[in-house]
Amino acid sequence: MAGTTPGHDEGTTTRLPAPLYPGAQGVRPGHTAYPVMPKLIRLYPWVQGLRAIAALSVAFLHVANDAITAGRDPAGWIAAINGFMPWAAGVDIFFVISGFVIVHASANLFAVPGGGRVFLRRRLIRIVPLYWTMTTLFLATLLLQRSAVHGAMGGPGFILASYAFLPWPRPDGLMEPALGLGWTLNYEMFFYLVLTPFLRLPRAWAVLGSAACLALFVAAGQVHGFHAAALRFWSNPIVLEFVAGMGLALAVAHGLTLPGWLRLALVATACAGLHLMAGAPEPWRALAHGLPGALLVAAAVAGRRPERSTPAMRILVRLGDASYALYLCHPFVMRGFSLLGAHLGPPTAASGILYVGLSLATAQLCALAINAGFERKLSAMLKGRRWRRAPAG
């Protein structure tokens, strides 16, 4: 899912907070310097791991539901795993991570002339290319199957809104774009647009201002309601999960550090809370999923930062980098396995588990390939840099 849709990193441009300094390498005299510093993701490997888990949880939910619907779970094992946790909470974890990463990685853009423009450009480069590509591929697939002809997928307004990140009701009434998973990115873009005007202020005031704006908007929507469907969509309390992430970013910037035992306790509490709230109704989602998600992110960011890279850290970084691609590509992999499943013979308990496992593994490999061969190269090109492979160390 986005900032991070899925919560996203800044690719090779995520930075640790540091004061702006004059004479940065490659900056012409008279231009604002945005310093080059170590990657945020290398200093928060647990955030990367959490992003990977969040994307996998959403993918598992969809693959498991597909297997159950197709009758590939005769023993009910997949259904039991599916009901053990609210796997859709991966989206809520993404939103909290997004709030944290956006504030932390953009530390040098607050109260800086042109900071808002740079911020939006970075976010568009990070989100738009892959989402538009996957949306176009999805629509092309539907057209080839003739299921999108004669208005089955909505008119031109719906299609344009899907590309523009504008909430627009589908013909069946759901507030989802053509590529259904893009509903999370509609929230992400809304969050970015709310935050951008406040980038003129110092970071703490910008966070407080944008958080208040989101909270008041949600309150107005819940108390009085909005006539416009888009405003009703954006006033969902789920947007407060971005606020939780922003608050964590401020806390960490002010020195929040938790001992290891307390961080483990937060993880255990969050997992228990998610399990207990697995059947919570949708109106309570921001609390039932968002609060445990915030605890998980707090555990990931409030520890001591690693002093050196390790193989495990590098794996987490790669998986986290590919989480956005996994979120967007897994429905295509799932569709391929659905077609293949029709030729696998009578379903058994073991074959159902194997079906889900192979689907997720294939989706993860595809996501890694998309991230390395498409996202990173295109992002570097759009940012005006020659792409090169990141060093192993």
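Quick reminder: no glycine exception, Cβ is built from N, Cα and C everywhere.
Automatic prediction, not curation, is the source of TrEMBL annotations.
Annotated domain 'Acyltransferase 3' per TrEMBL: 45-365, in sequence order. Computed over the domain 'Acyltransferase 3' (45-365), the whole-number mean pLDDT of the model equals 92.
Taken from TrEMBL, the feature region 'Disordered' covers 1-22.
Among the features that TrEMBL reports, transmembrane segment is placed at 84-112 (among others).
According to TrEMBL, the feature transmembrane segment maps to 124-142 (among others).
If you look at the transmembrane segment (178-199), the same-chain residues 6 or more away from its ends with a CB under 8 A from one of its CBs are 1-6, 91, 94-95, 98-99, 102, 106, 109-112, 115-116, 119-120, 123, 127, 131, 134-135, 138-139, 153-154, 158-159, 162, 165-167, 205-207, 209-210, 213-214, 217, 233-234, 236, 238-239, 242, 327-328, 331. The transmembrane segment annotation in TrEMBL covers 178-199 (among others).
TrEMBL lists 205-226 (among others) with the feature transmembrane segment. Distant neighbours of the transmembrane segment (205-226): 103, 110-111, 191, 194-195, 198-199, 232, 234-237, 239-240, 242-243, 246-247, 249-250; these residues of the same chain sit at least 6 beyond its ends, with a Cβ under 8 Å from one of its Cβ atoms.
Taken from TrEMBL, the feature transmembrane segment applies to 238-256 (among others). Same-chain residues lying 6 or more positions outside the transmembrane segment (238-256) and placing a CB less than 8 Å from one of its CB atoms are 7, 17, 92, 95-104, 107, 187, 190-191, 203-204, 207, 210-211, 214-215, 217-218, 285-286, 290, 293-294, 297-298, 301-302.
Residues annotated as transmembrane segment in TrEMBL: 286-303 (among others).
For 315-333 (among others), the entry in TrEMBL reads transmembrane segment.
The feature transmembrane segment is assigned by TrEMBL to 353-374 (among others). Away from its own ends, the transmembrane segment (353-374) comes close to residues 55-56, 59-60, 63-64, 67, 72, 77-78, 129-130, 133, 318-319, 321-326, 329-330, 332-334, 337, 341, 344 of its chain (Cβ-Cβ under 8 Å, at least six residues beyond either end).
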